[in-house]
Amino acid sequence: MERSVFFISDGTAITAEVVGHSVLSQFPLTTALYTLPFVESETRARAVREQINALYQQSGVRPLVFYSIVTPAVRHIIEESAGFCQDVVQALVGPLQQELGIAPDPVAHRTHGLTATNLSKYDARITAIDYTLAHDDGISLRNLDQAQIILLGVSRCGKTPTSLYLAMQYGIRAANYPFIADDMDNLSLPAALKAHQPKLFGLTIDPERLAAIRDERLSDSRYASLRQCRMEINEVESLFRNNNIRYLNSTNHSVEEIAAKIMDVLGMSRRMY
């Protein structure tokens, strides 16, 4: 049976989504998802409550509600709904208050809002995103000394999404460089990359998966053929081994998992933004 799931917040609803998805992933559910950010007024909260109640009346099954709301009056309206309501923050606040010995001082938008205390971190993240976009897919090999990581791999193995995730989530300046079909006859590591060997990290992928991804882009082409994909993967993995470049098979991993594994292998600190 499908369950309706609400992620509600007086801010971006990112926290409610992250926690809610993490919990829901433990169960084999089919879900209809509703994300409702910036529920800051009692009027908006009552409208949301009616939406939850209407879905309950239609299905006879309580919607699941993950919420994070600072204002008590607004929070209470959501809690009065017919949904199964779970405050994703308050469950931890009580025990933490006892441990710290101080009372919480909740402020709306503190987690993901822009404040004087996190402005420098925000600027660093924007700088990282700009750098990563300017050094995507081998566009530029200049200023690689400013890169914190340089991802290598064949076309369509996950370099670009991983680079952007590292920049957006952790403020890491990530460049990436592709090895294309024309490189394979005499594959070697460009001199500009050799100078930054400690920053290099390779991504590889199962040939069958690579062929399927490429076929969506250019079907029935040499580029997407299984034979071509196998050859490219073999050549690039050999290059990684010969140059002592650490690498990861991305086939069965999400972008989040790939990024976390890379940072762990390279010993990079995880600074959340």
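Every residue gets a Cβ built from N, Cα and C, even glycine.
Over in Swiss-Prot, the protein carries these features:
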- GLY153, VAL154, SER155, ARG156, CYS157, GLY158, LYS159, THR160: ADP binding site (BINDING)
Statement: One finds that other Cβ atoms within 10 Å of the Cβ of THR160 (ADP binding site) number exactly 19
Query: Around ARG156 (ADP binding site), how many other C-beta atoms are within 10 angstroms of its C-beta?
result: 20
- prompt: In the structure shown, which of the binding-site residues VAL154, CYS157 has the fewest Cβ neighbours within 10 Å?
  reply: VAL154
